[in-house]
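Peer 1: Input: one structure, supplied below.
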Amino acid sequence: MDKQLLPVLLLLLGVSGSWGQGEEPGGPSEVLPEEPTGEEVPKEDGILVLNHRTLSLALQEHSALMVEFYAPWCGHCKELAPEYSKAAALLAAESAVVTLAKVDGPAEPELTKEFEVVGYPTLKFFQNGNRTNPEEYAGPKTAEGIAEWLRRRVGPSATHLEDEEGVQALMAKWDMVVIGFFQDLQGKDMATFLALAKDALDMTFGFTDQPQLFEKFGLTKDTVVLFKKFDEGRADFPVDKETGLDLGDLSRFLVIHSMHLVTEFNSQTSPKIFAAKILNHLLLFVNQTLAQHRELLTDFREAAPPFRGQVLFVMVDVAADNSHVLNYFGLKAEEAPTLRLINVETTKKYAPTGVIAITAASVAAFCQAVLHGEIKHYLLSQEIPPDWDQGPVKTLVSKNFEQVAFDETKNVFVKFYAPWCSHCKEMAPAWEALAEKYKDREDIVIAELDATANELEAFSVLGYPTLKFFPAGPDRKVIDYKSTRDLETFSKFLDSGGHLPKEEPKEPAASAPEAQANSTLGPKEEL
């Protein structure tokens, strides 16, 4: 499915590497032949190959067993395969008590039903032979990510620190270390801390109950401290005595404070940018090849601390491969240096009023003005083509959309498309034929709008193609068209004033609108 660069994930959407949804399975799979009980379980690239009989044996033999349910035809499974094998090799080299295995899902329907496998690949982790409550893997699709996730389940997820030497050694080894200072290591707060440590794979965790370490770091109560070798150097999260340690609050705190005050946007940082779940992103567009542009980063960073957790400061290098970001904001590289702010929830974009010098004061003032509602958001629009109304299909842009779509004397049928969308290209002949058929009707307008280059105040377009009908009249009524995209059905829809008979078949899923890229989940092929 083609996907558009979405506002919410505008900065190249951080596909974070957890498992999401994708293609529907249905390809053939060869059923494994019967194997005699007791026969040695085969291996492929360090991975046990299991079926409904040998899975039971493997669970008895291996106290920690991860099983990948895959399909031979599944593209995502094929992409995962080398990483999965590398993870097995990493753990074997460490003599870890974890075994990795796989099951051909289509060949083993009883197992996929038992373990509620709804897509491929699905990874389940079994401990101590318990087949009733396996834990599903939702971490990165990388060898190190899989291996580290397993390490933190078969071994400690955090290091017990008993003296200053241990703390300093841990801090020296890593750029970021999270240390929980707890007076009671058997309490609920400690359990919450360890639960978080199991899944926060990009951080290293330690804990202590030693009074001298509380004193050393100026603490008088239970506190989780993030030590880092950049920016402020340290961030404290005191434990609330009344409510205790909240897993969600601590997780958000660590994500926010593990971010640099200014994050350069690239494919490596984009997952973390969106994982921070900070709704406002302030972007500084600069050309990193120019010294005078690089110097602006000092002031940009100086403005950031008061907005930590509220506004994420991001630098976009216009000299790098970031044309998609520039296009999204309607900018050209030569307009740098410049600022833009986007709310990734509403997708509203803001620009400074007039040309401003980029200083710490002006950056802070711009942020405050947007947050206080003193600056109106802007909409992207192409210029109105001189011949926009000359052909059977009328060309709309943001600047003429309201005037045409809500003309009280016209019934207007609009296709919102993306130039790269395959479904849009497939339906183009039918749309042209529809316009040709009704070109002599004064009361009907067939139009199209490139929704990647034109934004509308009235609504957002979330998939392509999106078809909307604007019937004549003063009510500004909008009817979504969700049926078959062919000339016959389009004509019935128009002739009935925007209605279709109830028995009219709906558009099959294979031709559903192509979604914009607004998911942070990685792919999984559905059953």
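Even glycines carry a Cβ here, placed using N, Cα and C.
Worth saying up front: this structure is predicted, and the values here are computed from it rather than measured.
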Peer 1: Which one is it, C74, C367, that Swiss-Prot ties to C77 with a disulfide?
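Peer 2: Recorded disulfide partner of C77 in Swiss-Prot: C74.
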Peer 1: Report the same-chain neighbours of N287 (N-linked glycosylation site): residues 6+ apart in sequence with Cβ closer than 8 Å to its Cβ, ordered by sequence.
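Peer 2: Sequence-distant Cβ neighbours: H293, D317, V318, A319, A333, A336, P337.
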Peer 1: Give the helix, strand or coil assignment DSSP yields for C77 (active site, nucleophile).
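Peer 2: Assignment for C77 (active site, nucleophile) reads helix.
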Peer 1: What counts of helix, strand and coil residues does DSSP assign across the domain 'Thioredoxin 2' (355-499)?
Peer 2: 45 helix, 30 strand, 70 coil
Peer 1: Which residue, out of the active-site residues C74, C421, shows the minimum number of other Cβ atoms inside 10 Å of its Cβ in this structure?
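Peer 2: C421, out of the active-site residues C74, C421, has the fewest neighbouring Cβ atoms within 10 Å.
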